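Accompanying notes for the structure given below.
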C-alpha cells in the first residue's frame with residue numbers, strides 16, 4: 001500500500017503541490033488520485049481543452065481556472081500546510097500564494113467528493129483528441 005501511495009503522489013497529473021493535493025483527494029474521496037483523477041475527462045490532468053465531460057471534469061476545469069487567477073504564484077510547486085477540524089479542511093498559515101493554492105485544491109477535492117455518485121469510469125484515461133469542442137471561458 002505504501003508503494004501505491006508513493007506512486008500516486010509521484011504520478012498524480014494535476015497541478016499544484018502534488019503531495020498536499022493528492023492527500024486531500026484521498027482523504028475526501030477515499031480514492032487514490034492515480035488512476036481516478038489524473039487523466040479523467042478533458043480537464044483532469046496536465047492542461048485541459050474543450051468542454052468538461054461531466055461534473056467531475058468540471059471540478060478540474062474550475063480548479064484550472066482557480067490556478068489561472070493566481071498572480072505571481074507557483075501552484076505546481078509551492079507547498080502549503082492544512083489541517084482538519086471536524087472533518088473540514090482548514091488551510092494553514094503561510095504566504096498569500098500558499099493559502100490561495102490550498103483553497104483551490106480544497107475546492108477541487110471537496111468537489112470530487114460531492115460528485116462521486118456521478119463519476120463515470122468511461123472518462124478515465126479519456127483521449128485528448130475527443131476534447132476538440134471550443135473551450136469555455138473561466
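Glycine is no exception: its Cβ is also placed from the backbone N, Cα and C atoms.
Record features (Swiss-Prot):
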| type | residues | note |
| --- | --- | --- |
| ACT_SITE | 63 | active site |
| ACT_SITE | 105 | active site |
| BINDING | 43, 45, 47, 64 | Ca(2+) binding site |
| DISULFID | 42-131 | disulfide bond |
| DISULFID | 44-60 | disulfide bond |
| DISULFID | 59-111 | disulfide bond |
| DISULFID | 65-138 | disulfide bond |
| DISULFID | 66-104 | disulfide bond |
| DISULFID | 73-97 | disulfide bond |
| DISULFID | 91-102 | disulfide bond |
| SIGNAL | 1-16 | signal peptide |
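Distribution of Swiss-Prot features across the structure.
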residue: 42; record: disulfide bond; DSSP (3 states): coil
residue: 47; record: Ca(2+) binding site; DSSP (3 states): coil
residue: 60; record: disulfide bond; DSSP (3 states): helix
residue: 65; record: disulfide bond; DSSP (3 states): helix
residue: 102; record: disulfide bond; DSSP (3 states): helix
residue: 111; record: disulfide bond; DSSP (3 states): helix
residue: 131; record: disulfide bond; DSSP (3 states): coil
(request) Around the Cβ of residue 65 (disulfide bond), how many other Cβ atoms lie within 10 Å? Please give the count over every shown protein chain. (result) 15
(request) Please determine which of the disulfide-bonded residues listed here (42, 91, 104) has the lowest count of neighbouring CB atoms within 10 Å. (result) 91
(request) Quick one: of 60, 73, which of the disulfide-bonded residues has the smallest count of other CB atoms within 10 A? (result) 73
(message) If you count, for each of the disulfide-bonded residues 59, 97, 131, 138, the other Cβ atoms lying within 10 Å of its Cβ, which residue has the minimum?
(response) 138
(message) Quick check for you: of the disulfide-bonded residues 73, 97, 102, 111, 131, which have their Cα within 10 Å of the Cα of residue 64 (Ca(2+) binding site)?
(response) none
(request) Give the three-state DSSP assignment (helix, strand or coil) for residue 97 (disulfide bond). (result) helix
